[in-house]
Amino acid sequence: MDLVTVWFAIVVLCWVLFFTLEGFDFGVGVLAPLVGRDEHERGAALKTIGPFWDGNEVWLVAAIGVTYAAFPAWYAALLSGTYLPMVGVLLLLAGRGVALEFRGKHSDPRWRRRCEVVLALCSAGIVALWGALLSVFVRGLALGADGEVVSQPGLAAGLGRTVAPLFTVEAAFGAVAALVLSVLLGATFLALRTTGPVRLRAHRVAAGAAAGVVALGAAVAVAGLTGATLAGGAIGASTGATSTGLGLLVVGALVAAAAVVVAVATRLGREGAAFAVVSLLVAGVVVAVLLANGDVVLPSTLDPAASLTRESAAATPAALGLITAFGAVAVPGVVVYQVWSYWVFRRRVASERIATA
Amino acid sequence: MDITRLQFAVVTIYHYLFVPLSISLASLTAGLQTTSVLTRDPERAQRLRRSTMLVGKLLLVTFAVGVVTGLVQEFQFGMGWSAFARFYGDVFGPTLAIEGMLAFFLEATFLGLWFFGWDRLPRLVHLATIWIVAVGTLISAYIILGANSFMQHPVAYQLDPTTGRAHLSSFAELMTNPVLFATFPHTIAGAAMLGGALLLSIGSWRRWIGPAPAGAAGSPEARNADPDQRAFAGIARLGAWTTVAGGLATALTGDVLGKVMTSVQPMKMAAAEALYTTTTGAPFSLLTIGNLDGSRPIFSLDIPYLLSFLATGEFDSTVKGIDDLQAQYSQQFGPGDYAPMIPLAYWSFRAMITIGLLSALIAGVYLWLTRKGLDPREPKASALPFMSQRLFPRPLVQLSLRMLPTLPLLPAAAGTAGWVFTETARQPWLAFGLTLTKDGISPGLTAAEAWFSLAAFTAVYGVLAVVWLRLVKHLVAQDLADPPARPAVPLPHEDDDGEGVNPDRDHGHSAQPVIPAY
């Protein structure tokens, strides 16, 4: 395997870890007001992600940083081509992080309530936006020969230049799917990490969200049957079967089956298994999205020649060699100490033991 | 597109208010906790643990703002500066990626372990976590400053003859840039001043002005004897010492940095002095009033020979002037204006030095007035040595104590002025001698987008600053609290990770130690 492939795999790994680990952070953020009836319970729900969210968010920093280092042209085209959506992502992430970190540092109930509201809204917004953006990863941008998205007449001019790609059926489907999956991920994580009424409510939410995922899988399968290329085109494309629709059918069925497994596992109280299956499902979707176009990392909707491929976007062999030397040491180290931190805080968080002050 | 440049300045300056605080508070927290572990006196150990807890909480809320605004920085090189990202991706990308993999993961993960790990980790392992955070912040600073030093003085690159893109030739060389060696200690010393000033402002406010702890309300005697008051007095003096030490180190390292900068970017230092003509035995200008467009001085007050000494270490050396450098660069790089905004460079340079020195001086006076546990308002505290006369009248001391909580504004302003100087006096260059700033901007970006994002960032950042200030004020006004203690036996409740849902089992409110909420 050459270095370009290795680093593409590392980029995929970073995105997978970001979407699965932060996926449950966002899910918990959305669910805290739902599974926690009082301040203690909401505090317990948020304490399950308290020690981890910051370290989890660094996987986004890593995904973007590694893309910059290994595929500078991809980094430049993607971020400048999704300028305003990225401004949205950054500001929502700011609201989320600060609300989560500031909530417990003040004893005023109103302060905490406000933080919870900001946290829930921002978490939901981030997930929906990323879901829509993942559809853009697959569909591509109106890249010109210089790798830039230029203003086009009509809606895609001025302010609309980078917002227009989000107004597609795929993007809407991506937003909804991401929200449902994130809620399912958050609910199974809460079920695994809490006790008492919070845990019980998390079970109920998990059951509902699993039903939602079954519906999403069914929608993908139906799209495959009817030959429509809309929903889940990403996933279908990655199996190389978009044209036949058979791929979509299979993928949709797989997703629905996984959701059923999650629902049954939760019902049986196999919370660890349920969480693991949802995590794998999310990871699978992210991998499918990033591999959807094969060697092309960012398609151009204007001209196939302007599409960015792994090779055309890659940094020089020297730069890749350099980061390989560091990555070989640093990345396994990061994984080891992050796993250790999850081990340190492996015990369940009981809401009765969370003080108000 | 000047809006993009303005936006970069706004979000970077804002980000850099929280970064030096995080850097210094991490080391101060680690230092406090280490002393608490080492001390044999149980009362002192408790005071130090409580102080550690307070400073650590300030670190956490500051770090959070630093993280979310730092993320903007990493994205921004692609969002607003894609042309630069394409041409310098090979140099800049690895630097950012390595910073993330090597340092940022450490800081974020171990800060969580530290805050939530008091009752989970063995004492020394827990102590190690905060040191890892502190070292992580320093590694981060070093690598990021390495990227900035490349822009000040490009090294370790080759230009591809066909594409014109820069290729990194040696990471080691990039990380041993002479500018980096000078700028890193200077930046860290400046960070120490800001963190120190924050502790001084907090400690002195609680010790002398603010609400007394619950146990010490009433008489001044009770207030003096209260252990938490002693802790606040200690925090104030630790902060003052840090500010003074940081001030001295900033001055020394600034001198070194000035000499390095004179050799690699003579235009920047000429602009700092508004020195238009090349001069031998050049004077240091204390004050200059220029004409309106800043192109010529009208009046100036100078110290003879000092500039030559500061720039090169010799009094009678020659310092190049703006006019000659402009002519030289026009010949070298083609026609163009190669001088930065002279008044901005001149005044930001002076603001940095005077405001920075002033904050160290104030901290020094505080140290003297509170020596040997004196109350600064007592006549004895401000008595001159060998004289009975008071150096400072009591109302002035009282007023100064009330003003002291605003002290962190000074090193923050000095640091900002320093970066404004460093970055604007390099203009028109983005990477000196290689690429112009205006050529780095994303070519596709529209004016509407740039305005919209600038407005959005400014609004959200404004709200963030207000909320951060409110929270810090609240944290500082609280009574000091002990960190959660490690239980002697594992808590029975928490080992439940049993199979199957049995919520009834979890309902019992057993008598368990209460831990602070997240």
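Any Cβ shown, glycine's included, is placed from N, Cα and C.
TrEMBL does not curate its annotations; it predicts them automatically.
The region 'Disordered' annotation in TrEMBL covers B:484-518. As annotated by TrEMBL, transmembrane segment applies to B:13-32, B:53-72, B:92-117, B:124-145, B:179-200, B:351-369, B:450-469.
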Cβ-based contact of the transmembrane segment (B:13-32) with the transmembrane segment (B:124-145), 3 or more pairs under 8 Å: yes
Touch test for the transmembrane segment (B:450-469) and the transmembrane segment (B:53-72), at least 3 Cβ pairs under 8 Å: yes
Stretch with greatest number of CB pairs under 8 Å, the transmembrane segment (B:351-369) reference, B:92-117, B:124-145, B:179-200 candidates: B:179-200
Outside the transmembrane segment (B:124-145), six or more residues from its ends: residues with CB under 8 Å to it: 19, 22-23, 26-27, 29-30, 33-34, 37, 56, 95, 98-99, 102-104, 106-107, 110-111, 113-114, 117-118, 175, 180, 183-184, 187-188, 191
